[in-house]
Amino acid sequence: MEPSRGAAGGGRRWGEAEGDAAEEGRRGEDGGEVSLREWLDRPGRAVEAAECVHVFRQVAEAVAVAHAQGVAVGSARPSCFVVSPPFARVAFIESASGSDASGSCSGSDASEDADPDASPPRRRDGAGRGEERAGKSFPLKSVLAMELNWYTSPEEADDSAATFASDVYRLGVLLFELFCTFETMEDKMRAMANLRHRVLPPQLLLKCPKEASFCQLLMHPVPETRPKMSEVLQSEFLNQSRNSLEEREAALRLREEIEEQQLLLDFLQQLQKRKQDIADSLQDTVAFLSSDINEVLHQQSALGHCVNFSSDLDKEVCSGTVEDQSDCGSRKRFRPELQGVDMEENNRSVEECSRTVPSSELIQESVLSKSSRLMKNFKKLETAYFLTRSELAKQVGNQISSHQVVKRAIGSAIGTEGSSIDDFSLERQYGRRQRGWVNSFLEGLCKYLSFSKLKVRAELKHCDLLNSSNLVCSLGFDRDREFFATAGVNKKIKVFEYNMIVNEHRDIHYPVVEMSNRSKLSCICWNSYMKSHIASSDFEGIVQVWDVTRSQVFVEMREHERRVWSVDFSIVDPTKLVSGGDDGCVKLWDMNQAGSIGTIRTRANVCSVQFQPDTARSIAIGSADHKIYCYDLRNIRAPYCTLVGHTKTVSYVKYLDASTIVSASTDNSLKLWDLSMSRGRIIDSPIQTFTGHTNTKNFVGLSISDGYIATGSETNEVFVYHREFPMPVLAYKFSVTDPISGQEIDDQSQFISCVCWRGQSSTLLSANSSGNIKILEMG
């Protein structure tokens, strides 16, 4: 089992990673995020009073948090905030407590003391892409150059230091920009110049007298006369429109929940129809499907009655002005011919729900695009449904009588005709457990249908002429997801800037940092706290910690006797490391101490080690003896739990959460384990087995993000699973081009060697055995 390597990528130098927010524009590509400056100056912006007050309130709350900590923000300007749809969520790019008085938006890290009710600080790499997005009328670079002057208070203009009153003055300027729009840059500059003297446009005084009065109060020339932040937040002006905005948001969320419930309802009705067509032996199956449909209808009806929709909202929905926010939808409209036995009561429930649910036709049409994927994978989803349903039966402890026993066993091959339970029923005594199961399955189904393909966002083109092999063994993102590193048999760790690779198309990408090792590298792991620290393991059994900013090793550990396959930093305690290798030993390290602080000796080669995410006291070990061992580091004499189920070497173990582990093996499968199910020291039944990829001899990678599980295949493909379903959600095959003919060929010697999610996002970094590295995006 020998992993792989690759390299390359150009970009800024390490110390230049944190670009100035004012120069970058701050538009995130995930979710439509834009800088508040761009949002204010976008051409044709309509001034909606409730929305403007909502934005202003969020900025004021962020400033108030800083003032409560005794910090004058100094940078409460539009370029230092981002806005996210659909509810105009505002987030400070740098936390208020971390900004300096000079007003820079790019200086320090986000504070952990930020307002818990506010949106979290955004990643710097999720920022905008430059002034070309700002619109034709307002060149972003020019506006940013003048913005600092506009938001400088009179006392600061006289060379006084920024104070709390100065921040209040800036809020007055922001309020003016929110309620005033201009057709030309000249008009805006003229109005902003007049604003310095508290002279407001006549149209603002006529149309928005309350807003104009509050603006003049905030911008009073005497700092002591301006209100305190507590007075600003408690003002009648800020609180008068809160209720209407919250009602609108609640209605939109309700509509989204209804659409999700409609998707599950259609799936269950389709499944019910198919089972009714088989024979009388399926009556028990139809009975419990009807029970689940009734449960969904009950929840949907409850949703329809939980909020009294205002007539204004009804008009908006009917006219199509309320934006569809659903992530999950229905396959098609409810059709009477899909009903089964005993469904007359359900019909009445549907009709009753339709009178209380807004715009059901619009909801049905908005989710129609999900239909093809649902129907294409219907048999596999059916199998997953019955498997999950049978797990529910075990949990509630129901005894299944002989006439309820399965007549057809679940087939070993997913998707065959015999792969579902064709005669299976449970008594209707589930209560809240059944309701919880329905919601859990709905969430998994929505996740499964959320994406339809893996698309290439960027390809890392590199050149390493001095190495005949570029096999990439390990990939990893740094703490802030701004940089990623590659390592492998070319004996080099190469660090690339993510944004440079994604945004700039070059013939060859060069690393921002390159560090050479004496031996082939098997694994790397970034420190989750110390941004520039990265640990590595190599084929000579050496574990090292590198300082990327200096491009050198500062800690070296030499106690392993053979090749080390895996190394991992603790998330909770960033000074702790664990490593494991072919000597059958797992070494525990503390960077502040010389030598290992503990050794776990196993009977077979150790292929993978990982700390539990919420503690530095527990680890999981993947072993060549086909088992996974979980240790409490306070008692390393024996594992507290052993997971048994794989038939070949366990090549990877990853914690999905504190009590759930995903393992990969060269038996062509991944398995999902629930540690909370352990009644003794051994768990021999995984809660899910994932199959579809090919893996019999190589390390092919394993990575987890928000329930999605990525792995490689020896067919040179990347596979993505979701924890709720045993079959792949998505797959992508690396193409191989003949260097002479230029034609695509099927090179069976190449395989995917490692994969890595970019944090909890839909972006996946993957590499194969020839050193080809691609950045893939679920879409």
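Positions of Cβ are set from backbone N, Cα and C atoms, glycine also.
All TrEMBL annotations are machine predictions without curation.
Among the residue ranges 210-240, 241-271, 365-395, 427-457, the one that TrEMBL annotates as coiled coil is 241-271.
Summarised by DSSP class, the composition of the repeat 'WD' (557-599) is 0 helix, 21 strand, 22 coil. Mapped onto DSSP classes, the repeat 'WD' (643-676) shows 2 helix, 22 strand, 10 coil. Mean model confidence for the repeat 'WD' (557-599) is a pLDDT of 95.
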